[in-house]
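What follows is a short report on a single structure.
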Amino acid sequence: MAFQGKKLINNPNDVVTEFIEGLVETYQGLQYLDGFPEVKVVLRAEVSGATYDKVAVISGGGSGHEPAQAGYVGEGLLTASICGDVFASPTVDSILAGIRAVTGPMGCLLVVTNYTGDRLNFGLAAEQARSEGYKIETVIVGDDCALPKSQGIAGRRGLAGTILVNKVAGAVAAAGLSLADVASEARRASEVVGTMGVALSVCTLPGQVTSDRLGPGKMELGLGIHGEPGAAVADLQPVDVVVTHVLKQILESNYIPITRGNRVVLMINGLGATPVMELMIAAGKTVPKLQLEFGLLVERVYTGSFMTSLDMKGFSISIMKVDQTLLQHLDASTKAPHWPVGSAGNRPPAKIPVPLPSSRSMKSDELLSRPLQLTEQGHILEVAIEAAANAIINMRDILNDWDSTVGDGDCGSTMYKGATAILDDMKKYYPLNNAAETVNEIGSSVRRAMGGTSGVLYTIFCKAAYAQLKANSDSTVTAKQWAEALEAAIAAVSKYGGASTGYRTLLDALIPALAVLKERLTSGEDSCTSFVLSSEAAVAGAGSTKDMQAQAGRSSYVSAAILATVPDPGAMAAAAWYRAAALAVKDKFHPSFNSSINKSES
C-alpha cells in the first residue's frame, strides 16, 4: 500500500533552491546565480567568465542525485553545475546562464548524462552558446551496463560513472590543457567505465507518496537513478551474491574493454538511504572478487554516496579501466567538497598483525591448555561453564527483544558472542584444574569476542575475580573463596561502571546472589544448596528490575513507562548464567560437589 513519504522539507516546490542555499552557506568556495527559481546554477566563487584562463567544465541535470553534481563544483573538478528540478533536466536558459558565467577564452566542456532531456537541453544550449562566440565541446556519458544494447536511439543511461569522467575532465582542465585535450580525455574516460545498480526500495519524490512497487524480500537489478524499473526483480540475496552478479554483468557485457590483467578503479555508490556500513561491506567483498575471480588490479576504491536517487536503498558499482594517465587525473588534487578525501595513492596491505602479544604467549603451554585428565574440581568447572554459556546462547533472541525496548537491541547478540567464544576456547585453552587461571581465561575470551559495555564489564568482573582467587595458594578453591571472588568482581564492576543496587543493571542480579551465598555459607548450609539458593535470589533480583528507574547505561534515557514493560536484559542475562551454573552443578555433582568443597575447607 502506498503512503505519504516523510521528508524534512518545507514546500516541495522549493527543495532545489533551498538545497543550493544550504550548499553555498556550507562551502565558502561556492556561489549561485541570482536567478531563482528559473536559473539554478552553482559555480566556483573565484571564477569569472571574462577573466578565466582555463577550460570551464560544466555538468548537471535533474536534482535529487545529491551530491551530484553541485557537490563536485570546485577547483580541480567542475567549474559550475546546472541544477534542474527534481528528476527534470535543467532548462536551456539555465544552462546558458552557467556557460556565460564561467566560460573564458579557453572554452567550455559540457559533460552530459545520457538522458533524452539532458541531451536535448544541453545540446540546444551548446548551439546557442556557439552562436554567441563561445568555444563549446560536449561529452555524453552512458555507463549503464544493465540493459541490452538494442535499446533504440536512447542508448545507455548515464549513472555514477559520470562522476569519474567529471574528475578526469576537471583535472585536465586544471592543468591548463586545451579544450580539445580536455574533451578528448573526458571522452576516453567515458568509454572505459561501466556501472550497474541494485536497489531494495524505490525513491520517494518530495510531496508524493512512496511507491510499493518493490515488495518485502525483493530487490531490483539495474534500475535507473530516477526510480524507473530495471532489468529484473529478484529475491533479496546476500551481498556476496549481489556483487558477483553485478560484476559479471559489467565485465562480461562487452560494453567496456576490460580484460584480465587490466588496471581498474572501483566506485561503490550509495543510492541515498544505504548505511555506510553496508557500502563498506560491499566494497570489502568487491575488491577480492575483482582481483581473484576476474584477474584485475584494483588501483583505487571510492566508497560513499556520490550520485544518489533521493532516499533509495541500494548501491551501484562502477568500474573504470585506467592507465597511468587516467590514474593521475583521478589522483589530482581538488577542492570540490564531495570528492572523497584520502582516496589517492597506492594501497598498502589491508591488514597487519596485531602488535601486542596475547596473554597466552606470556604463559607456559602447560599452564594454558586443557588438561588431559580433569580433577573433580575441573569437572565441576567444566559443567558449570558449559551450562552458563549455553543458557546465554539460548536467550539471545529474548535478550535482543528486551534490549530493543530499553536499549540498542544487541544485548543478546553481544552476550552470544561471548558465550560461544567461551565454549570454543574451553575445549583448547582453559586449564580447568586451575580455577584462578580458568577464570582469567574466561575474561580473555570475553575481551576478545564481546564488544560494547557488556564486554568490558564482564572482562573487569573476571579479572577482579581472578586476582582474588590467585591470592589463594591452594589448588582447590573453597566455597568461601568463591564467594570472596564474586564479591571482589562485583566491587570492581561497581567501581568502574558506577552502578550499584537499584540502578537496573546486572548487579541487581549478582548483589542479591552474593548476599544469600554469604549468608547461607556462614549459617553452615552446604555449598551446593547455598549456590542454588543464591541463584534463586539472582533470578528474583533480575525480575525486580522491571520496577526500577534506570540510572546507568542507555536505559537511563528511556521513560519509566517503557522501562516497566520489560526487565533489564543485562540483569536477566546475569541471572540466567548464574542459575544455569548452579543447577548444573547440583544435578551432576551433588553431593560430591559438597564433599569436594568441604574437604578443601577442612
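Even glycines carry a Cβ here, placed using N, Cα and C.
Residues near HIS226 (active site, tele-hemiaminal-histidine intermediate) in space but far in sequence (CB under 8 A, at least 6 apart, same chain), listed by position: GLY62, GLY64, PHE87, CYS203, SER309. Residues annotated as active site, tele-hemiaminal-histidine intermediate in TrEMBL: HIS226.
According to TrEMBL, the feature substrate binding site maps to GLY62, SER63, GLY64, HIS65, ASP118. Sequence-distant neighbours of SER63 (substrate binding site) (same chain, 6+ residues apart, CB-CB distance under 8 A): VAL15, VAL16, PHE19, LYS40, CYS83, GLY84, ASP85, VAL86, PHE87, ALA88.
The average pLDDT computed for the domain 'DhaK' (11-339) is 94. Here TrEMBL flags 11-339 as domain 'DhaK'.
According to TrEMBL, the feature domain 'DhaL' maps to 379-583.
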Spatial neighbours, same chain, of HIS65 (substrate binding site) - Cβ under 8 Å, 6+ residues apart: ILE225, MET307, THR308, SER309
Other residues, Cβ within 8 Å of GLY62, SER63, GLY64, HIS65, ASP118 Cβ centroid (substrate site): GLY61, ALA68, CYS83, GLY84, VAL86, PHE87, ALA88, SER89, ILE225, HIS226
Most crowded position, judged by CB atoms within 10 A, among GLY62, GLY64 as binding-site residues: GLY64
Distant-in-sequence Cβ neighbours of ASP118 (substrate binding site), under 8 Å, six or more positions away: GLY60, GLY61, GLY62, SER89, VAL112, GLY158
